[in-house]
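Data block below; observations after.
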Amino acid sequence: MKKLGFTRSSRRCSQPQEREQESERSRRRLRRRLSEGLLLLVALTVSGGLAAVLTPTPQVAVADEDSSALLRTGKQLFDTSCVSCHGANLQGVPDHGPSLIGVGEAAVYFQVSTGRMPAMRGEAQVARKDPIFNESQIDAIGAYIQANGGGPTVARNPDGSVAMQSLRGTDLGRGGDLFRLNCASCHNFTGKGGALSSGKYAPDLGPANEQQILTAMLTGPQNMPKFADRQLSFEAKKDIIGYVRTVIEERQPGGYSLGGFGPAPEGMAIWIIGMVTAIGLALWIGARA
């Protein structure tokens, strides 16, 4: 009986302890769950913040009203003047016109501002003539081609206007060396142009402005090769432009250049002047005798 009473009293004493231990375990489990939830919340917050900071902003092209109007105008001009030869999707038309995909607004500026496009007829080489589009129309067509086909762009001033005077490099000696190395074999050392094979020719650079010379080097129109930045850097192109415009515009220190075509016309002029002088002198001597 005593043992039984002792056992019952022990059980009664142990029950509060068990309840207290169970309560402590419950509190520990609750604290663990709260701490785990808090850590998870902190981790999600930090990872979300890092993702927001480090993820690059998507490059979404959003055209404003002005650019949209420019593209609409360009498409209208293209559809009325260019689509019959170059195709509705710029893919080109066999035996009529090449693809315009990848030529960029630089090619549009050169071809249209020099009057070569639209072409009046098919021939070995399209000659320069007065342009039929004004500057704003050329910009619109160029913007449409650039938006749909991509390619080299026109160099512009900070205000968005087409760059001209700023394209003239200052190292004219370097520009002259580069011109003689890369261009003079076709365009003559003074930029007067020259004949090529199959009815083709290198045109006179005299009427070309700075932007037209640059875009010609970027796009390689007709028989001209392209000059990528790996061949001629942008600064090298500017020096060539500066040299060409200086040679064309400045007075020749040697006197009248006879068109700048080189020794052939100069030799012919010397021969004619010499023969006329000799004949005149002979007649004068004969008359005195």
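Here the Cβ of each residue, glycine as well, is placed from N, Cα and C on the backbone.
A quick note: this is a predicted structure, and the numbers were derived from the prediction, not measured.
Positions annotated as compositional bias 'Basic residues' by Swiss-Prot: 1-11. What Swiss-Prot records for 37-55, 267-287 is transmembrane segment, and it gives sequence analysis as the kind of evidence. Swiss-Prot lists 69-149 with the feature domain 'Cytochrome c 1', giving sequence analysis as the kind of evidence. Per Swiss-Prot, heme c 1 binding site is recorded for C82, C85, H86. Taken from Swiss-Prot, the feature domain 'Cytochrome c 2' covers 170-248, and the record attributes it to sequence analysis. Annotation source Swiss-Prot lists heme c 2 binding site at C183, C186, H187.
Feature map: Swiss-Prot annotations on the structure.
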residue: C82; record: heme c 1 binding site; Cβ neighbours (10 Å): 22
residue: C85; record: heme c 1 binding site; Cβ neighbours (10 Å): 17
residue: H86; record: heme c 1 binding site; Cβ neighbours (10 Å): 24
residue: C183; record: heme c 2 binding site; Cβ neighbours (10 Å): 21
residue: C186; record: heme c 2 binding site; Cβ neighbours (10 Å): 17
residue: H187; record: heme c 2 binding site; Cβ neighbours (10 Å): 20
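Using DSSP to sort the residues of the domain 'Cytochrome c 2' (170-248) gives these counts of helix, strand and coil: 40 helix, 4 strand, 35 coil. Taken together, the residues of the domain 'Cytochrome c 1' (69-149) have an average pLDDT of 92.
Sitting within 8 Å of the Cβ centre of C82, C85, H86, and not among those site residues for heme c 1, are the Cβ atoms of F78, S81, V83, S84, G87, G92, V93, H96, G97, L100, P118. Within 8 Å of the Cβ centroid of the heme c 2 site, not counting the listed residues C183, C186, H187, the chain contributes F179, N182, A184, S185, N188, G191, G193, G194, A202, L205. C85 (heme c 1 binding site) carries a helical DSSP state (H, G or I).
Put simply, H86 (heme c 1 binding site) is 29 Å from H187 (heme c 2 binding site) when counted between their Cα atoms.
Across the structure, C186 (heme c 2 binding site) and C82 (heme c 1 binding site) are spaced 30 Å apart at their Cα atoms. If you take the Cα of C82 (heme c 1 binding site) and the Cα of C183 (heme c 2 binding site), they are about 30 angstrom apart, rounded to a whole number. Counting residues of the domain 'Cytochrome c 1' (69-149) by DSSP class, helix then strand then coil, yields 42 helix, 2 strand, 37 coil.
Taking the Cα atom of each, C85 (heme c 1 binding site) and C183 (heme c 2 binding site) are about 30 angstrom apart.
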